[in-house]
Amino acid sequence: MQVIMVSHKEFEGAGKQPGLQVWRIENMDLKPVPKGLHGNFYTGDAYLLLFTTQAPSHYIHMWIGDECTQDESGAAAIFATQLDDFLGGGPVQFRETQNNESLTFVGYFKSGIKYQKGGVASGFQHVVTNDMNVKRLLHIKGRRAIRATEVAMSWASFNQGDCFIVDLGKDIYQWCGSECNRFERLKASQVAIDIRDNERNGRAKLQMVEEGAEPPALTEALGPKTSIAPATPDDDKVDTSNRKKGALYMISDASGSMKSSVVAQSSPFKQAMLSPEECYILDNGVDRNIFVWKGPKANMTERKAAMAAAQQFIKEKGYSDKTQIQVLPAGGETTLFKQFFSDWKDKDQTTGPSKAYTIGRIAKVEQVPFDASTLHSNKAMAAQHGMVDDGKGKVQIWRVENGEKVPVDPSSYGQFYGGDCYLILYSYRLGGREQHIIYTWQGLKCTQDELAASAFLTVKLDDSMGGAPVQVRVTQGQEPPHLMSLFQGKPMMIHSGGTSRKGGQTKAGATRLFHIRQSSSRATRAVEVEPSASNLNTNDVFVLKSPDALFVWRGVGASDEELEAAKHVAGFLGGSANNVAEGKEPAGFWSVLGGKKDYQTSKSLQNMVKPPRLFGCSNKTGRLIVEEVPGDFTQSDLATDDVMLLDTWDQIFIWVGNEANAEERTGAPKIAKEYVDSDPSGRRGLPISTIKQGAEPPTFTGWFQAWDANMWDTDPLDRIRRSTAA
C-alpha cells in the first residue's frame, strides 16, 4: 500500500524558527493566529499549536474549546497527526481541553490564557486592530496558571474574591474585589498589561480600580452598581494521595483492532519495561493524565494511531473526557512521564559540563553545546516574544531624559544603567518587508517620571511609524533572549544603579562584581551584583574590579562563551585581568569580596537533565493545595503570601513568604515530606531545607538568574499602579 504524505501549505513554515505558532481550525482548514493575539482562544473553536525549541525539538498541542463541535475537534486531531508526520514523527503531541491544559501549554502564556465567547461559526475573527470599539468583561482566576474567561457584561458576574478586567477598548480597568489578595492582583495586572501592549499596541490606558471606588465610566458601561456577590471557593482539586499512581499497558494491533495488555499494575516502573518494538500506554487517569510512548521500532500503523488509541482507552476506562493526553516519541519524554520510572536515564545523559545533550529526535538534532544557563533563561518568554531572527538587523537606542528621547552613542550600545529608561528600535527584513520591534527597557531604579515618559515616548515612536511595530516592555533582569542577542557577540551589560547621563552620571562603586551567564539562545548578559562572595556561582563567570585589581573568576561549570564575554567586560572596566579558576583563588581575591562565604556550588546544575520544578502551597481556597508554576520560573513567581516548594532533584527547599499564613507555614513541611514520599520514581529521604523570604542562601538563589535581593523592597503592585497612573 502506498503511503501518501499529506502536506498543508501552512506546514511549509512550521517549526523553522524557535518559538510558538498558533492556528485556528476555520471551516476545516488551518488559519494562523497573529502573534499579538497568542493566548486568546474562542471557546467555540479548536486550535493547533506548535512550539519549537532551539535544539530543535517540537511540541504539538491540539486545543479543544468547551463549545467546539465534533467536526472541528476531529479536524484538529487530523491536522495534528499530519503535522507530526510532516515533522518526521519526532514531536511530542498533547491533547488539551479548555480549563484543563497541561503545564507545558500554560507555560507558553506567562501573562495568562484568555477565553473569549463565540467562535468561527458566529463570525469572530482573530485580528489585531487599532479598533477601540471593544466591550467585554474578563474574570481572572488562578495564582500560577492564569486564566481570563469572558463573562456576561453585568455587575452580577462580579464577586469580592477575584479580579476582573473591564475592557472598553481605549480604557482598560482592572477591578479588584475587597477580598482579593496582593499576588492575585499582581497576576491579573499581567493580563491587563498584555491586553494593552499586545492587543492594543500600547494605545490603551490601564487603570486600577478598588471595589467601592468605581469611576463613572464603569457604571456607564455596566449600569448602576448592584450588590457584589461574596467570594466563591474554587473547585476542590483531586486528592493528592492517589495522584501519583500509574499503571503500564502495552498496545498491539495484531488483529487489526487496538488491544491493551497490562505490563505493570502500579508505578514505579523500570525503563527496561519499554521495548523499542512496541507502543505503551501509561495510565495516570486518577490525575487525568494518559501518556502514549511510541517505540522507535514499533510498526507505523501503531505509531500513527497512538493518539486515537489513547482516546479509545479513556472511553473504555470511563475517565473524564477532560483527561490530558501526551504522545511521546522515544527521546522526547516529558518530566511528567519520566517521574514514573525509578531508574530513568536519558540517552546521552552527560557526566560533565563539556559534553552535549540533545532533546527531541536523537538522530537528526543538532547537538546543543551544554549550557547550564538553559535552566534559567526564560523559554516561555522566548516563545512569546520569539527569536524573530539572529539579531543582526539595525539597532537604534535612545535614553529617556527630561521627558524626551536622547540618542545614545553607538559606541556604548549594550550598556544599560538601572537608574535609566531606554527605547530600543530594532528593524529587520522578513519576506521582503521591513519589520520593527520597539523594546522599552525600564531600569529598576528609574524614577516615576521616566517610567511614565518611556511609555508615552514608545507610543509616540510607534505612531510616527504608522503603528506597525511590535512593542515589548522589558523590566531590568527580565530581558528576552532576542533583546540580549542584539549586541552581537558582546554581552549586554547591566550596571546596578545610577545613570549614564553626562553630568548626572553617578560614580560607580570602588568595588564592582559582574555576573556573566549565557542564555539558551546563546546571548550573554553581564549583570552587576553586590560585591560579596555569596553571589558567586559554580556554573558561571564573574568579573571583579577593585581600585587596584581586576579578576576574572571562572566557575567549574562555566562555558567558553561566558569566559569570552568576561574579556569584553574586563576591557570595559579597564586594567589587566588576572584569571582565577574556582578552587584556586588567591587570598587577595577573597579580601576584595570582604572574605570567603558560601555560594551556589550545586553540581547538579552542571549536568542537569531533569530541570528544577517550583510549586506553590496555598490555602487561599480554604484547603491547602499544591500547584506547579508553569513555564520557566523567575524570582517574581515566588508568591510572598504563600509557601513555595523548589525541587532541585537532589534536595527540596521550602521557601516561606513573609505574608504566608500560619496554616501554610505549618502545613508546608508535611506537604514537602508527602511530595517526596509519593514521588513515583521512588526518590526517598532527600534533604528538605526551610528558608525565609529575605534570607535566601546561595544554594537557593543560584537557581534563579540575576537574583535581586532588593526585589521586594518596593511592592511590585505599586510600580504597576504608578506606571498606569501616569
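Glycine is treated like the rest: Cβ placed from N, Cα and C.
Automated prediction, rather than curation, is the source of TrEMBL annotations.
On a predicted model such as this, the values are computed, not experimentally measured, just so you know.
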Region 'Disordered' per TrEMBL: which of the ranges 213-240, 325-352, 577-604 is that? 213-240
Among 31-105, 146-218, 626-700, which stretch has the highest count of C-beta pairs below 8 Å with the domain 'Gelsolin-like' (404-484)? 146-218
With DSSP, how much of the domain 'Gelsolin-like' (261-337) is helix, how much strand and how much coil, in residues? 26 helix, 23 strand, 28 coil
